[in-house]
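Below is one structure, written out as structure tokens; the observations come after it.
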Amino acid sequence: MNTQIKTIDPSTIHFSSQDIEDPKFSVSDPNTLSILKEAVELLKQDNVISIPTETVYGLASNALSLNSIKKIYAVKNRPADNPLIVHVSSLKMLRALLPKNNNNFGEIPEIYEQIIKKFWPGPLTILLPKSLLIPSEVTCNLSTVAVRFPSHPISRALISLCEFPLAAPSANTSGKPSPTLASHVFTDLNGKIPLIIDGGQCNFGVESTVFDAIGSHGPVILRPGGITFEALYKMPGMENLRVYKKDFVDKKLEMGPTTPGMKYRHYSPDAEVILVDIDDKHKSRDVMDREIEKIRKNGKLTIGILATGTSYISSKEEYENNKSLSQGIIEYTLGDSMHPEQIAKELFKGLRHLDECNVDCIIVEGIPEEEEGLAVMNRLRKAASRIINE
């Protein structure tokens, strides 16, 4: 299969208002409209394509077509018990997917109303009751379905034009770092899908927050992501909000996950990842020094570093006045640890960059689990082969 990359400028798609019940949009560039129409035809024919979202690039297909869903699992080599998230472009589309009440009307649970009003469109996924319209393969035979309303203009416009929801997990080989650039998708899926729409780098860089307010555990964040704990906690009725793995664990839930990112190791490059999770920056850098020395003694000569804040190489060379310290080290600075949104945006890009440099291992500095830092550390713990925290 010949995989084509076609570029769309997201600024050529315009949504006319803040309406999310049944939003309307216009396209100012004929090339944009042409590519969108081509993508719609591919999706209507049960193909899978890659599209940009505000979180990561998605591998999109018709969420209501069993044939399409099977293709997603095959292309990604995705485990069959790892559910998919359904993407909608309006509340009208969402209601049509929900179980009908006595008035033949799909009802959104009341507890989600203020959450939706505040955070949709955006990087928030919610768990809802599943209707028979959704193939069981999407939810892995569970009674709930994960749904989100993306904010990226390209994904919104495409779903609207399709007039059906899209299932869209990250457009990578399962287990690898999620793609935040079209080139990342091409690296993993070239020859497996017909089209990649290039909309530039994804704004958030990590997947959506998955939030469950209807399950037995009360309001919980099952997967941290683009909408933070702090933001959700401020909402009415969220004073008992908890985070899975941080505040509680349920082995039964983990064995039959209701959402992606709960059961399997994820986000891992080819190189071994070592996470240094130590709050004190000076102690963290001392541990990194010792770890690099051990690694070199084991014959691994090229080491990648994902640094937060000041450059590891520059600080060591300046302190010890020894330029040789940087030999065999390739560094990628993710951003300032005081601005975790910067680190979230660069995380997967940095892991992929160091992998492309053929490093033998990657050492990553942890950051505080506040705001977007909670999502960053969730991803790093899943990617790491080893975690050093003392």
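Cβ from N, Cα, C; glycine included.
All TrEMBL annotations are machine predictions without curation.
Pulled from TrEMBL, these are the features on record:
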BINDING   THR55, HIS87, ARG148, ALA168, SER208  L-threonine binding site
BINDING   ARG78, ASN82, THR144, SER170, SER178, ARG223, TYR267  ATP binding site
DOMAIN    33-227  domain 'YrdC-like'
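Of all the binding-site residues listed here (THR144, SER208), the one with the fewest other CB atoms within 10 A of its own CB is THR144. Each residue contributes its Cα atom, and for SER208 (L-threonine binding site) and ARG78 (ATP binding site) those atoms are 18 Å apart. Within 8 Å of the Cβ centroid of the L-threonine site, not counting the listed residues THR55, HIS87, ARG148, ALA168, SER208, the chain contributes THR53, GLY58, ILE85, PRO123, THR125, PRO150, SER155, GLU207. Cβ neighbour count for ALA168 (L-threonine binding site): 29 (other Cβ atoms within 10 Å of its Cβ, all protein chains included). Listed in sequence order, ILE85, VAL86, HIS87, VAL88, TRP120, PRO123, LEU124, THR125, ILE126, SER208 are the same-chain residues at least 6 apart in sequence whose CB falls under 8 Å from the CB of ARG148 (L-threonine binding site). Among the record's L-threonine binders, THR55, HIS87, ARG148, ALA168, SER208, no two C-alpha atoms are more than 13 Å apart, and one pair sits at exactly that spread. For the pair ASN82 (ATP binding site) and THR55 (L-threonine binding site), the Cα-Cα distance reads 19 Å.
Here the C-alpha separation of ARG78 (ATP binding site) and ALA168 (L-threonine binding site) works out to 12 Å.
The least crowded of the binding-site residues ARG78, HIS87, judged by other CB atoms within 10 A of its own CB, is ARG78.
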